[in-house]
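Asker: Below are the structure tokens for one structure; questions will follow.
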Amino acid sequence: MIIVDDAGSFLPAMNHSPWEGVTIADFVMPFFLFIVGVALALAYKRVPDKLDATRKATLRALKLFCVGLVLQGGFFHGVRSLTFGVDITQIRLMGILQRIAIAYLVTALCQIWLKGDDDVDSGLDLIKRYRYQLLAGLLITITYMVLLYGTYVPDWEYRISGPGSTEKTFTVSSTFTYFFHAKNISSSIIDDSRTTRKKTDESRTDELQNRNLYQVKCGVRGDSGPGCNAVGMIDRKILAISVMAIVTCLIGLQYGHIIVHFQKHRERIMHWLVPSFGMLVLAFAMDFFGMHMNKPLYTVSYTLCTAGAAGLLFAGIYTLVDLYGYRRPTIAMEWMGMHALMIFVLIACNILPIFIHGFYCGEPNNNLLKFIGIRA
């Protein structure tokens with residue numbers, strides 16, 4: 001995630017896809033959510049007191065959500081600014097940490113309350129034991145698909161500036177042609193249902209123009225205007241990212257169950273590889289037939305593709321480290337995994353660069369970053 005944020009400007013493959021398709025960067029957050037699910041399966045392997053476990057999970061998620069509000073809500077104004085503070089009417093509610101907190105909480109509750117007592121001797125037994133968790137994920141997915149592809153959106157227009165200060169006007173028609181592309185439906189889910197018609201009409205032209213020219217970046221690294229918030233409070237991606245992020249976390253949870261219930265390496269690896277390849281095949285099939293991979297909308301095909309890739313990578317690392325004993329090459333990753341949140345807060349949220357940048361001589365440009373040769 002840190003590499004994506006800092007290297008995306010000069011390595012296109014390390015930047016997020018503006019709309020349809022995926023790049024390396026688009027796998028980062030789903031991988032993180034996936035491993036959160038795996039960890040939850042191990043953390044809540046035994047739950048003697050469900051109410052106490054629920055209270056602790058809720059408190060932990062609330063803490064993470066509040067940390068996200070402070071770090072990614074616009075309170076800090078970036079590395080090059082020594083000012084801070086945010087208008088609460090413009091605060092960014094749904095940053096990365098907030099979405100992870102929501103996915104963590106829902107997945108933890110599923111693990112605490114939605115599991116059976118069936119003995120597990122095979123893959124089918126595993127499905128039977130955790131059938132209610134799978135059903136919850138399926139219901140979330142179906143509900144999201146109905147909203148994404150079934151919401152009616154009136155025809156609307158937008159303008160793009162051309163050469164010589166000319167403007168081209170385009171009309172997006174709510175016809176069957178756009179049904180599977182979700183290009184106009186997305187505005188209904190992320191825009192119309194979260195703001196007034198007047199606010200929408202005033203901001204839609206500028207927002208869509210920006211969307212067609214570049215990827216809008218929100219929060220500390222970008223703006224907090226109409227492209228990021230509706231009515232100044234609701235992040236435009238709240239429904240798309242948060243809902244399907246839960247599904248990614250639930251998929252990781254099932255991979256963690258395999259560690260709990262199967263002891264042999266071969267059994268674990270096979271139970272990881274089969275669903276991983278299955279999700280990848282299904283994802284590319286959906287993309288081929290029109291339900292494209294799209295990170296801003298967190299489509300089902302994108303969810304399956306990233307979860308399948310995460311499963312393969314997880315199985316590969318497990319084979320390398322646990323089966324063949326090559327632990328030394330992964331020591332650095334192990335350390336980063338143990339301190340993931342702290343590293344993310346200090347570096348990815350710019351807390352450490354802002355702290356270093358705050359010590360200067362005479363004027364802000366003469367700071368420690370400049371002294372050690374880092375442009376800031």
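Quick reminder: no glycine exception, Cβ is built from N, Cα and C everywhere.
TrEMBL labels come from automatic prediction, so no person has curated them.
Annotations for this protein, taken from TrEMBL, read as follows:
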TRANSMEM  27-45  transmembrane segment
TRANSMEM  57-76  transmembrane segment
TRANSMEM  96-114  transmembrane segment
TRANSMEM  134-152  transmembrane segment
TRANSMEM  238-260  transmembrane segment
TRANSMEM  272-291  transmembrane segment
TRANSMEM  297-321  transmembrane segment
TRANSMEM  341-360  transmembrane segment
Asker: How about the transmembrane segment (238-260) with the transmembrane segment (297-321) - do they touch, taking at least 3 C-beta pairs under 8 Å (6 or more apart in sequence) as contact?
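Answerer: Result for the transmembrane segment (238-260) with the transmembrane segment (297-321) is yes.
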Asker: Under an 8 Å Cβ to Cβ limit, what residues of the same chain, 6 or more beyond the ends of the transmembrane segment (57-76), are close to it?
Answerer: 84-87, 90-93, 95-98, 100-102, 104-105, 108-109, 112, 219-220, 224, 345, 349-351, 354
Asker: So are the transmembrane segment (297-321) and the transmembrane segment (96-114) touching or not, going by 3+ C-beta pairs under 8 A with a sequence gap of 6 or more?
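Answerer: Contact criterion not met.
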Asker: Residues sitting near the transmembrane segment (96-114): Cβ under 8 Å, six or more positions beyond its termini, same chain?
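Answerer: The answer is 1, 29, 32-33, 36-37, 40-41, 44, 47, 50, 53-54, 57-58, 60-62, 64-65, 67-69, 71-72, 130, 132-133, 136, 241-242, 245-246, 248-250, 253, 344.
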